[in-house]
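Student: As annotated in TrEMBL:
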type     : residues : note
TRANSMEM : 285-302  : transmembrane segment
DOMAIN   : 288-492  : domain 'TM7S3/TM198-like'
TRANSMEM : 309-329  : transmembrane segment
TRANSMEM : 335-356  : transmembrane segment
TRANSMEM : 363-383  : transmembrane segment
TRANSMEM : 395-415  : transmembrane segment
TRANSMEM : 427-449  : transmembrane segment
TRANSMEM : 474-492  : transmembrane segment
Amino acid sequence: YSTECYLLLIALAVSSFFCNAGLLELSLGKFRNVLLNQTNPVEAVIRNIASNVTVVIFQVHAQQSIFLSPSNPSVNNSGTGVDKGLVSILRPQQSVCTWYLRSRDASQVLSTAISIPYMEKDPIPGGCNLEFDLEVDPNIYLDYTLVDIHIKFAPANLGYTRGANPPSCDSGTGQNSRWRLRYDVYQYFLPENDLSEMVLMSHIRKMSEVQSIKANGIKMLTLTTDDKTNVYFSSLPGQGVIYNVIVWDPLWNTSAAYVPVHTYACSFADLVDNCSSLSKLSTKVFFTALAVLGLFTCFFGHRFWKTDLFFMGFIFTAFFFFVFITRVTGLGYDVHLTLTAVAGIIGGLFLVASWWRSGSVLLCMFIIGLVLGFLFSSMVFFTPLGDYRVFRDDVVFWVTFSSVALMIPVLFIGCPRILNILASAMVGSYTVILAIACYVYTSLAYITLDLLRRVLNDYFSRAYTNVPFQTNDFIILSVWTMLALSGVTVQLRRERSEVPFPPHPYVTWKRERERRSTNVLDPSHHIPPLRERIHNKLLHIKEFFQKEQPAGERTPLLL
């Protein structure tokens with residue numbers, strides 16, 4: 001554990017004393033870790049609240065579901081979830097706030113709690129809620145699939161003094177109403193390959209208050225009151241992500257933060273395909289086998305030309321077949337992957353056979369260049385460029401993507417050997433990265449996965465595709481770069497004195513056959529036809545099994 005984790009363990013030991021007593025004393029703006037269970041609710045109390053504080057947002061975070069309510073719980077003022085918060089609108093002279101919290105599971109749940117104060121000029125998150133259960137709802141609601149993550153929240157309202165009536169939410173759209181408010185959506189990535197509660201507790205603190213959110217989070221977009229208060233992001237199963245929203249009042253230059261929400265885009269409770277075992281066995285087998293062939297192609301692709309053709313034909317056919325069968329049929333994932341592998345093998349063999357028959361290097365190089373172009377174009381849109389609003393339009397995106405992809409075979413049309421070596425090294429080494437992603441999380445897998453998601457899902461264009469880039473990704477990127485550069489270097493040195501491409505086998509065979517039929521001085525000219533040679537061989541075999549006849553005269557003597 002790190003020093004930070006040890007400090008959290010000490011804090012947890014101290015807080016457990018209060019949990020046993022059923023009382024948790026809090027201070028404004030200070031985090032406290034607490035163990036919750038289902039049978040003994042914990043009473044959280046804040047005392048001596050200053051008179052200039054008009055609103056207190058109390059929030060609790062855990063990896064398992066918890067129940068949070070005020071002293072008089074009802075449907076409109078309590079809630080359940082892994083990231084839950086309640087707003088307390090303070091009355092005149094009120095200086096104490098009380099909440100009750102417990103876990104929904106019988107086992108003990110580690111959680112962290114904080115109460116954040118706001119003044120009369122600060123906007124109130126969720127103050128104009130018309131969609132969710134709470135009367136004033138500062139929570140961010142999150143849903144996820146394997147493809148995308150959807151967050152939504154209630155609009156905020158303007159702040160006001162204690163005892164006053166809240167400003168109307170629909171009285172007008174001028175600068176004196178809530179319509180002047182702006183919403184900044186932030187994203188924060190937890191450390192890769194770490195699903196522990198301690199890590200979540202330590203990092204959720206960085207996304208709870210306005211200043212720490214601005215210092216640590218990544219600002220993704222800004223919404224006005226005219227925009228819908230929901231945003232989509234690409235799903236990253238197994239990778240922890242925290243989202244939060246800061247509402248800003250430009251008139252008073254004041255801000256307030258909603259309750260942060262986190263997700264791993266997977267379930268800890270599922271027995272199969274849970275957060276600890278996301279990759280299916282079929283996926284591991286498929287990409288591991290592809291990586292073995294890709295590693296061979298990375299260093300020897302141009303030398304073993306037919307193997308290179310098979311590899312590129314496999315990838316090209318498998319990609320489009322997987323898209324087609326997923327769009328058209330409703331078969332299971334394992335069946336899809338098996339049929340895709342079979343189709344890829346057929347496609348690879350077909351490309352080899354077409355070259356053997358026609359001898360068209362140009363057609364083969366166009367396919368190879370297209371595969372490299374698709375990878376290069378995916379890398380371009382993997383950068384922040386892919387999140388530009390203009391590319392939310394599918395027509396603009398696909399025209400731009402196709403143009404970048406087609407640029408590669410067009411640029412290298414005059415030097416096909418260089419194109420083939422670059423393609424075999426780059427694409428072959430990337431299959432190794434995809435195989436690594438089956439065992440260890442890496443964001444580099446989403447270079448092509450996000451492209452596949454956009455092809456298969458009509459609404460994926462609305463999702464922001466930002467991904468973390470941490471130590472693990474830098475190491476794997478270095479491996480990819482090393483493999484690609486080594487593959488290019490080895491192949492260029494080996495092939496510099498060789499012919500650009502091997503001779504076409506079918507044409508060579510026809511030329512050799514004509515030479516043998518016309519050149520009588522060639523010893524091969526006198527070789528019998530294949531049919532006659534087979535017949536002679538069979539006669540020799542037959543004679544081998546015949547019984548040897550005894551020597552001597554077998555006819556009667558003549559008188």
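A Cβ is built for glycine as well, from the same backbone N, Cα and C atoms used for every other residue.
Set these features in their place in the structure for me.
Tutor: Here the transmembrane segment (285-302) has long-range neighbours at 308, 311, 314, 337, 341, 417, 420-421, 423-425, 427-432, 434-435, 437-438, 483-484, 486-487, 490-491, 495, meaning same-chain residues at least 6 beyond its ends whose C-beta is under 8 angstroms from one of its own.
Counting only same-chain residues 6+ beyond the ends of the transmembrane segment (395-415), those with a CB under 8 A from a CB of the stretch are 365-366, 368-370, 372-374, 376-377, 380-381, 422, 451, 454, 461.
Remote same-chain residues near the transmembrane segment (427-449) are listed as 192-193, 234, 236, 238-239, 279, 283-284, 287-288, 290-291, 293-299, 301, 311-312, 315, 371-372, 375, 378-379, 382, 465, 467-469, 472-473, 476-477, 479-480, 483-484, 487 (criterion: CB distance under 8 Å, separation of at least six residues from the stretch ends).
Outside the transmembrane segment (474-492), and at least 6 residues removed from its termini, the chain residues within Cβ reach (under 8 Å) are 295, 298-303, 421-422, 424-426, 428-430, 432-433, 436, 442, 444.
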Student: Six or more residues beyond either end and a Cβ under 8 Å away: which residues meet both conditions relative to the transmembrane segment (309-329)?
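Tutor: That would be 290, 293-294, 297, 301, 336-337, 339-341, 343-352, 355, 364, 367-368, 370-371, 374, 423-424, 427-428, 452, 455-456.
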Student: Just to confirm my parser: what is the rounded mean pLDDT across the domain 'TM7S3/TM198-like' (288-492)?
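Tutor: Taking every residue of the domain 'TM7S3/TM198-like' (288-492) together, the mean pLDDT is 92.
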